[in-house]
Amino acid sequence: MQETGLRNPTNGIETSGLKTSGTVFFNLTEPQLYEEAIRRAEARISAHGALVAETGQHTGRSPKDKFIVRDASTENEIWWDNNKPLSGEHFEALYEDFKRHAESLDLFVQDLVGGADPENALPVRVVTEYAWHSLFIRNLLIRPMRSELKSFVPQMTVIDLPSFRADPKRHGCRTETIIAMDLKRMIVLIGGTSYAGEMKKSVFTALNYLLPAKGVMPMHCSANEGSEGDVAIFFGLSGTGKTTLSAEPSRTLIGDDEHGWGPHGIFNFEGGCYAKTIKLSREAEPEIFATTERFGTVLENVVVDEHGVPDFDDGSRTENTRCAYPLHFISNASETGRAGQPKNVIMLTADAFGVMPPIAKLTPAQAMYHFLSGYTAKVAGTEKGVTEPEATFSTCFGAPFMPRHPSVYGNLLRDLIAEHEVDCWLVNTGWTGGAYGTGHRMPIKVTRALLSAALDGSLRTAQFRTDPNFGFAVPVAVPGVDGTILDPRSTWADKAAYDVQAERLVSMFVANFGKFENHVEADVMNASPQIRQAAE
């Protein structure tokens, strides 16, 4: 076995339980990883210098193939209604087969860190079969200083071997694809998929498991900071505008996807961004677009022409095209990945039913209710005749990555909001003037104006009314915004149709929240929406 590259001399590949007749490359830099990826025909270089890779069959995560080892340490800690268990015996068989499979491979190792707060940082060793995967994770996690690598000791190991095929009978899994996590030993095994996002989300899941016990709230959110040190957190599911709205040039970007909130403030879990590129344009999102033309960026499943020029409008391979780049590629990004206590928490939803106001102020109990609900709505795709929006509830705005019961995260959030007197806002970037198909999308200028008023504090002194369905406080007037749009019912031509739609959405909220009734306190249950018919 040949080992090359910079590493801790007492922490070779054997500490991960691996040995190989091939070469082990430790902590290669971008140019070295480009050379290896091109030499192995894993990827090509775009016309502008980015590394372009395809993931084959799997162009997204495989949540049905993700398992957590069920043992004495996790039995009462994991939310098993939402996480698939794997026996210790099955994991051991899988681990042995992973080791055997790796014996003939060249391996790429990156020693990295999850978490910009030194007190809560998780040193992670990521072992990959592909050089481009090594570059991807090097972009996404936090890189130690080169001098620190000589003393690096991992507390978590991720082994990603796409050419490995799991055996459902032998390994207790569902298909040949597997993402298996042993949270006691902090080992993650990824096989049968080339989708790079599995590595990033495995580290996120581990931090979501570890940090609550330390009083730190892990969050699937973006975050930014104003010039006065005012920090804002943006929760939101895919398609709600989380990345776009937090990428405000006048504010410092702390991170776009994963953060922790603890006694000293908030901190990014990552050192990079994994942005969607479908329909990406230089005009609409110039900073993200610029990263796609830089050496070091990974373009995942992006279609390029014979000259290596990307076509971001081409979704023929997948709509889930991505670019992965280090955070310092964004000019207004934070250098530390850390900031103080938040002043505002924004919960984004894209309500395609046209019922919710464009902005509402939440009490701590209402904030916990809507955080646990994690509501947005998907709109119809290209199927003929499909016109109805579909409600989506993803608790904590990130159910697939939350190993503990949602109430653990919800209680942490409520306590932190109360302790630091944080203002909480629900912002609807969805439909107004009717539901999807009748109304129209909330103008981005309106959303930005309302968000600006919330973040600069001017909305605090506004006059509010109580929403008759959801019970939260809605501003009556905001400078620069048409007052009509603030009251969704008034934007509908058919007021009775609005009332029917509102009742329908409220009933969905109530039905979804039933599973949390025994896990939350009375004030949170009382924050549940009620049908109170509005007057004409």
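From the backbone N, Cα and C atoms, a Cβ is placed for every residue, glycine too.
These numbers come from a predicted model, not from an experiment.
Among the candidates LYS201, LYS279, the residue that Swiss-Prot names alongside HIS220, ASP257 for the Mn(2+) site is LYS201. When TYR195, TYR209 are compared with the substrate site residues ARG61, LYS201, ARG322 in Swiss-Prot, the one appearing in that site is TYR195. Across the annotated binding residues for substrate (ARG61, TYR195, LYS201, ARG322), the two most widely spaced Cα atoms sit 15 Å apart. If you measure from the Cα atom of ARG61 (substrate binding site) to that of SER238 (ATP binding site), you get 14 Å. Calculated from their C-alpha atoms, the gap between LYS242 (ATP binding site) and ASP257 (Mn(2+) binding site) amounts to 9 Å.
Cβ neighbours of GLY236 (ATP binding site) (same chain, under 8 Å, six or more residues apart in sequence): CYS221, LYS242, ILE346, MET347, LEU348, THR349, THR376, PHE397.
Here the Cβ of TYR195 (substrate binding site) has 26 other Cβ atoms within 10 Å, regardless of which shown protein chain they belong to.
Taking the Cβ of SER238 (ATP binding site) as centre and 10 Å as the limit, one finds 14 other Cβ atoms among all the protein chains shown.
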